[in-house]
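Engineer: Feature list, courtesy of Swiss-Prot:
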DOMAIN    1-61  domain 'TGS'
REGION    243-534  region 'Catalytic'
BINDING   Cys334, His385, His511  Zn(2+) binding site
Amino acid sequence: MINITLPDGSRREFESPVSVMQVAQSIGAGLAKATIAGQVDGQLVDASDVIDHDASLRIITAKDAEGVEIIRHSCAHLVGHAVKQLYPEVKMVIGPVIAEGFYYDIYSERPFTPDDMAAIEQRMQELIAQDYDVIKKVTPRAEVIEVFAQRGEEYKLRLIEDMSEDITAMGLYYHQEYVDMCRGPHVPNTRFLKAFKLTRISGAYWRGDAKNEQLQRIYGTAWADKKQLDAYILRMEEADKRDHRRIGKAQDLFHLQEEAPGLVFWHPKGWSLWQVVEQYMRKVYRDSGYGEVRCPQILDVSLWQKSGHWDNYQDAMFFTESEKRTYAVKPMNCPGHVQVFNQGLHSYRDLPIRYGEFGACHRNEPSGALHGILRVRGFTQDDGHVFCLESQIESEVTAFHQQALAVYTAFGFDDIQIKIALRPEKRLGDDATWDKAEAALRSALGVCGVEWQELPGEGAFYGPKIEYHLKDAIGRTWQLGTMQVDFMMPGRLGAEYVDENSQKKHPVMLHRAIVGSMERFIGILIEHHAGAFPSWLAPVQVVVANITDAQAEYVDSVRKTLANQGFRVSADLRNEKIGYKIREHTLQRVPYLLVVGDREKENGAVAVRTRSGEDLGTMTVSAFIERLQAEQAA
């Protein structure tokens, strides 16, 4: 007798082994029709998988997050089915699930075109309409090799070669004549795959290495139903309008070019925006007791070997040589801050000591991963490090938490999730040290009275970290600030203080950043605000425009008055109609446009308009200054 325990605690008995689908059928025809997969004793399995022992079972449908992920994975296989029917000569590589979608990498002698993508999507719809069952067969490894060898799928064979010899059998999933291998689970029938859309094609490299052959990557998205798909498409259309690259070009903020992949050319208005963010964060440093420092861009590799970066991070580092010495361009600022700390003798009474730096770092990101200013190779962090006693961790983390929330609120973010990234597989130190570090973060967040989610395996190699995930105006989540506890690096780099017993001890090192990469944060700000920044943040806060040449001198005097008050202001004295000027600066998302005609000139006033088209009427220059000052960030 097989006893199956359901999520509500009820039990069902079966005389012999039973499949997930059969259990669903015993509950009701409606549930059976909706069943995508099952979760047996916490493990996701196919609907066709048989349960041969007493177990707990949760039926997975499209209403579950796991169900939507399975739909996406099955859609990737459906891409393979359609592609092989249309282009039988191509070679299939791999098709994983990603956030809100999936992709499939394919080797093709020629690049796919938009017409190809349309044809593939059409064929997928035709295959879905056939309403066929997806068949799973657990197959011995040798037979799997034979299956793909007969089909000439050399990349599948390479993937099998990389698998552990302990794997003696694999799941093959058959979409009619098409077969793919996968851990699964997958949908039992193509009727679950109707709400999908292919989104784009890009290039990729085999194993992510530019030295290897180039592949074609077909991206798509899939959802539980058409309503969810349509909502996603609307979100993506809005995201496209907000694309920081589009707005950056339209507002003349920055550009990127082929000769400097992953590096940003900042234009005057973009650099003005940067400076507003940097000066705001510099004030945060000062108010929080951080001494600002500046450390070298390149350091001898011996220092990176001591810090642990050489063993754990060298693939992402740039190197250079001079006079038979090898140097690394810094990917992180922490070892430099330890060198500053090490230049003096410190007592336990001196701690905590806090350093902050707008530190320029470089990381050798794969070219395919670069994305505007959101993913770059050269970036600047609002990086800070606190050297403290173990007893001070809680108060320092608590203070940082409050500080970070205040910054995010000032920049317009109020939906914030907090997560703790725990020890990764590849790490420094022993489990006892990690236990202590992770407990310290949990304790500090507990004192703050906040809820958090834990992320096993996602901490840095030298310590666990708190992560701040911010939701933007269109519901996307961005990971920004971090606070990391590090018991390892101070010892590796010789950081010491003298304790109350005159003994030398290693301090705890806290790594913290609030906005993280300045480039990325500015890209997020652009998209969050759709280029319509709050007046305190806008690259140009005010434009003063004349109606005729008769007001030119007065316009310039107004500009100077505002500039002398520290506002970012420009004058538009072009020989253009005022309606044209208003439209142009409105499109540039300038917060305020001050229009000056003869009446305003005579009265020492300005006519104030907002970028939303609101007419605020005529006011004195001093009254407008008071209004603008009231809108500045604290």
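Including glycine, each Cβ sits where the backbone N, Cα and C put it.
Predicted, not measured: the structure shown is a model, and the values here were computed from it.
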Engineer: So around the Zn(2+) site, Cys334, His385, His511 aside, which residues have their CB within 8 A of the centroid of those CB atoms?
Structural biologist: Met332, Asn333, His337, Val338, Asp383, Gly384, Gln484, Asp486, Met489, Met509, Leu510, Arg512
Engineer: Check the domain 'TGS' (1-61) for me and report the mean pLDDT.
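Structural biologist: Averaged over the domain 'TGS' (1-61), the predicted model reaches a pLDDT of 95.
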Engineer: Could you check the binding-site residues His385, His511 and say which one's CB has the fewest neighbouring CB atoms inside 10 Å?
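Structural biologist: The binding-site residues His385, His511 were compared, and His511 has the fewest Cβ atoms within 10 Å.
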Engineer: May I have the DSSP-based helix, strand and coil counts for the residues of the domain 'TGS' (1-61)?
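Structural biologist: Residue counts for the domain 'TGS' (1-61) by secondary structure: 14 helix, 26 strand, 21 coil.
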Engineer: Near Cys334 (Zn(2+) binding site), which residues of its chain come within a Cβ-Cβ distance under 8 Å, counting only those 6 or more away in sequence?
Structural biologist: Ser307, Asp383, His385, Asp486, Met489, Met509, His511
